[in-house]
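Each remark here refers to the structure printed beneath this line.
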Amino acid sequence: MKTYVSNEYDVIVVGAGHAGCEAALASARMGEKTLLLTISLDMVAFMPCNPSVGGPAKGTVVREIDALGGEMGKNIDKTYIQMRMLNTGKGPAVRALRAQADKWDYHEEMKRTIENTPNLTLRQAVVDDLIVEDGECRGVVTNTGARYRAKSVVLTTGTAARGRIFIGELNYSSGPNNTIPAIKLSESLERLGFKLRRFKTGTPPRVNRHTIDYSKTEEEPGDKEPRHFSFTSRDEDYLTDQTSCWMTYTNPKTHEIINENLDRSPMFSGDIVGVGPRYCPSIETKVVRFADKDRHQIFLEPEGRKTEEIYVGDFSTSMPEEVQLEMLHTVAGLEKVEMMRPGYAIEYDVVDPWQLTHTLETKRIKHLYMAGQMNGTSGYEEAAGQGLIAGINAALSAEGKPAFTLGRDEAYIGVLIDDLVTKGTEEPYRLLTSRAEYRLLLRHDNADLRLTEKGHDLGLIDDDRYAEFLAKKELIQEDLDRLGEITVHPTIAVNEYLAGLGQTDLNGGVKADVFLRRPRVTVEDVERLTGQKLAGDRYVKEQVEIDIKYAGYIKKQEIQVARLRRQEAKKIPKDIDYDQIEGLATEAREKLAKIRPETLAQAERISGVNPADLAILSVYVQNGKYAKVQK
């Protein structure tokens, strides 16, 4: 095809899913002239699978995105139809906020934000090729022949890269939700030497809300107490007219139908070669893998206020359409349900993420960044977190400024990216609280304290919001100091309160911060029992209470972080030749040469590098033997 020279930009972002939107907004807000290209303007920030944001670990990522100046938290706070805090009976390290989204409002609100952002141009186009000159990415070429030049390019292709949809025996080339797939871009990446592989994900059927018998299901309402993802959202704006979700279960009859039709499932017939997600398996996989279970939970989730569609959560399937309907009709409450869209599996290309650095720049091509599902992750939140980091670094690169990264001790986003570039992934990667060694430091409640300063330094947090943040920090310290001054006396009221908690009496006066360390004692209880009011609002009090109750555990993790940072400070030279280092095990040598860790701490986290290998590498790097080998 004949090409023509179109406009020139500082940063080009390819793909306008959750990763692409964050990348483009970050770049534009940092002052870079940015172009956001999408296969379809109707798919901007679209939710092709579950209509929700947040959950364990993921909800904290959304708070981190917001603390850094990203958009996902603000957008969901404007468009949710239900909000719930999960794991409230557990410790603060695993509490998680989850919102049910109006997926259509979410898309429209994000598109409106992008269209009204200075420095940002949104355009519909299919990117077929990259412009690469002397090992540097300098733009893209579309299927209409337009050549857009840029200083940096961010790829966020999602599941569109050579996407193929499967519904029983039917399969066809397609992106998510029957959009155009991106075929030639994958071929371009392969020509440039990138290693691609095939992953698979899936989505469940959507059913008509009016054909459900809700009397046979269990209602899951939202929280009455105000909850927000964005630190800028106000309690007075909290939605009180929330929409319920509903829960039901599969049963032995459902499982019987699935087992009878496994030969028609592309997951089991061999038609699908891509690796599926471990933590979000299809209903067929669950029935086969957990044959001892006679039922599996199903959640019925509204997709919005202006649609009749209900998402049948935890019922992902690629069975033939008529089998899907037969399966649904066995479920309590769904006996007469009408299916509006069948579920499907989608297979797509991903780039092995060990080919990236912690900035999400590729090692092979400079100024080329990748983010989202094309890096092997699953989930909107993981994609958005990567998109934000890629967009920040693309903007910094365009200005010739130092890169920005987050460590495992600083954010779940840091854990996510480090896992990807250090360990790679053999299946769609899902972020879990268990993946974070320092999860007591990486909580939902303190994301602003961890990251707002960084967002302000980057130019993504304005001065007014930064002033509010500093005021909150001052109030936290003021209330911590105040609790160290207030005395709780052993009054009748105090000891009756303790007896109600099943605790021993107070025999003498103690400082309020010491009293607060007792189990189930809250800041509000201390205020009531002492008659002393603290200065902060409920969010400040929450922070103060956690800081006091978990002080010992937090201190322990801070000591571990200090050790990590000492190891992170020990840089490995980029041009080190691992073949010249004697004593390394063969597996360690191969893994180190493939991943090329930047620090000794990263090398330590590589599977296959044992303590003996690390000790040898440490000696070579720290004692100057590296230099001798080079000579």
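A Cβ is built for glycine as well, from the same backbone N, Cα and C atoms used for every other residue.
Swiss-Prot annotations:
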BINDING   G15, A16, G17, H18, A19, G20  FAD binding site
BINDING   276-290  NAD(+) binding site
REGION    214-233  region 'Disordered'
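All features noted in Swiss-Prot, drawn onto the structure.
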| residue | record | DSSP class |
| --- | --- | --- |
| A16 | FAD binding site | coil |
| G276 | NAD(+) binding site | coil |
| S282 | NAD(+) binding site | coil |
| V288 | NAD(+) binding site | helix |
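Sorting each residue of the region 'Disordered' (214-233) by its DSSP state yields 3 helix, 3 strand, 14 coil. Summary: among the binding-site residues (H18, R278, K286), the fewest other C-beta atoms within 10 A of the C-beta are counted at R278. Cα spacing between C280 (NAD(+) binding site) and G17 (FAD binding site): 20 Å, rounded to the nearest whole number. Sitting within 8 Å of the Cβ centre of G15, A16, G17, H18, A19, G20, and not among those site residues for FAD, are the Cβ atoms of V13, C21, E22, A23, T38, A45, T156, G158, A371, G372, A383, G387. Long-range Cβ neighbours of V288 (NAD(+) binding site) (same chain, at least 6 residues apart, Cβ-Cβ under 8 Å): N259, L262, F268. Here the C-alpha separation of R278 (NAD(+) binding site) and A19 (FAD binding site) works out to 22 Å.
Each of the binding-site residues G15, C280, E284 was scored by the number of other CB atoms within 10 Å of its CB, and the largest score is that of G15.
Put plainly, the binding-site residues A19, G20, G276, S282, F290 were compared by Cβ crowding within 10 Å, and the winner is A19.
Within 10 Å of the Cβ of A16 (FAD binding site) there are 29 other Cβ atoms, across all protein chains.
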